[in-house]
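Asks: I'd like to ask you about the structure that follows.
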Amino acid sequence: MSESVHTNPSLYSKGMLAVICAQFLSAFGDNALLFATLALMKQLYYPEWSQPVLQMLFVGAYILFAPFVGQFADSFAKGRVMMVANGLKLLGAGCICFGVNPFIGYTLVGIGAAAYSPAKYGILGELTTGDKLVKANGLMESSTIAAILLGSMAGGILADWHVLAALIVCALVYGGAVVANLWIPRLPAARPGQSWRFKPMTHSFFSACRTLWRNGETRFSLMGTSLFWGAGVTLRFLLVIWVPVALGITSNAMPTYLNAMVAVGIVLGAGAAAKLVTLETVSRCMPAGILIGIAVMAFAVQQSLLPAFGLLLLLGVFGGFFIVPLNALLQERGKHSVGAGNAIAVQNLGENVAMLLMLGLYSLAVSVGVPPVAVGIGFGAVFAVAIAALWVWGRRK
């Protein structure tokens, strides 16, 4: 825990392992807390329509604080920024444990997550460089997916046993993330001394948006990652209505198992990308993006469980192979132009706006009576065409 260190190019340095450990615990807590809080709301007889509002508040925090969190990450040592952000998550979980309105507590967690994201990705480019950055992103994505899987399951299982116990475990996990942050070396701030007045901060953020958008490589990365995560959150909701219609299974658990197959595939795809793609060969990931859309279309017409599981696993592999190189490209190019923290903050804004837009289109389709299978086919086709268009546009630029 030295006060100042130079970048260690080793992929498995103590600092890098501390970052991965902190990320696993933080993401585990996020997903476990969601299911534990939903169980609490059910126990307190909150109306069903109020449950999605939790996710909206979480996403809304990313959008609302996007102009500020990138500068926050770049103005201080990123390991300490991560610690403060996890402390906010701990505070939010603690509030829910002590009976504070769950929307207030979960909003605090969302603010912590918004502050955490630019720092957790930005620090990778400070701890390692070059092609190892792609591998570091693979480790980050793999640990995140593992945390999503285990956290979701743990939150649901513990909440079935005892809701308060589940909430306390979430708070303890966030506490563990805070402790893990202490082992991240205190690297120099990337951009110290920036103005903290509202107008200069917003001007700085939107200036970063313009800078990244004018650069062909970073624009390419921003559009690709936004499409991917917007599609990912939409697929999660699509599975809930698709399973009863296509498979005739009304269990609440089955959509969770199918989502788990996607997550496992992303881990495998992220590992493959770390070995096969470098910053100079990022375009290799684009066919995988097109195949994501094709896999969704093929999945939508399935009527039996085994092929559905297999296609979702394959979809996840394509997804992991697609997203990891794009993340690494944005971090590397953004670090030298607007700062890694600002680059990730801009990325978060794009991704969360894409989530809201895609969910809005999905909700509109469902509300006018489009069948789930048709929604899946249309969704997959639009995604494949969008990625293909992005690829062609990127090559021309």
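Backbone N, Cα and C atoms are what each Cβ position is placed from, and that goes for glycine too.
Swiss-Prot feature annotations, pasted as is:
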- 16-36: transmembrane segment (TRANSMEM)
- 53-73: transmembrane segment (TRANSMEM)
- 91-111: transmembrane segment (TRANSMEM)
- 139-159: transmembrane segment (TRANSMEM)
- 164-184: transmembrane segment (TRANSMEM)
- 227-247: transmembrane segment (TRANSMEM)
- 253-273: transmembrane segment (TRANSMEM)
- 281-301: transmembrane segment (TRANSMEM)
- 305-325: transmembrane segment (TRANSMEM)
- 352-372: transmembrane segment (TRANSMEM)
- 373-393: transmembrane segment (TRANSMEM)
Asks: With Cβ-Cβ distances below 8 Å as the criterion, list the same-chain residues six or more beyond the ends of the transmembrane segment (253-273) that contact it, or say none.
Replies: 134, 137-138, 141-142, 145-146, 148-149, 152-153, 156, 232, 235-236, 239-240, 243, 247, 285, 288, 308-309, 312-325
Asks: What stretch in 16-36, 164-184, 352-372 has the biggest tally of Cβ pairs under 8 Å against the transmembrane segment (91-111)?
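Replies: Per the Cβ count, the answer is 164-184.
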Asks: If you count every Cβ pair below 8 Å, which range out of 16-36, 53-73, 352-372 shares the most with the transmembrane segment (139-159)?
Replies: 16-36
Asks: By Cβ distance under 8 Å, which residues at least 6 away from the ends of the transmembrane segment (53-73) in the same chain are close to it?
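Replies: Counting only partners 6 or more residues beyond its ends, the transmembrane segment (53-73) has Cβ contacts under 8 Å with 34, 37-38, 41, 81, 102-103, 106-107, 109-111, 113-115, 117-119, 122, 190-191, 194, 201-202, 204-206, 208, 338-346, 348-349, 351-353, 355-356.
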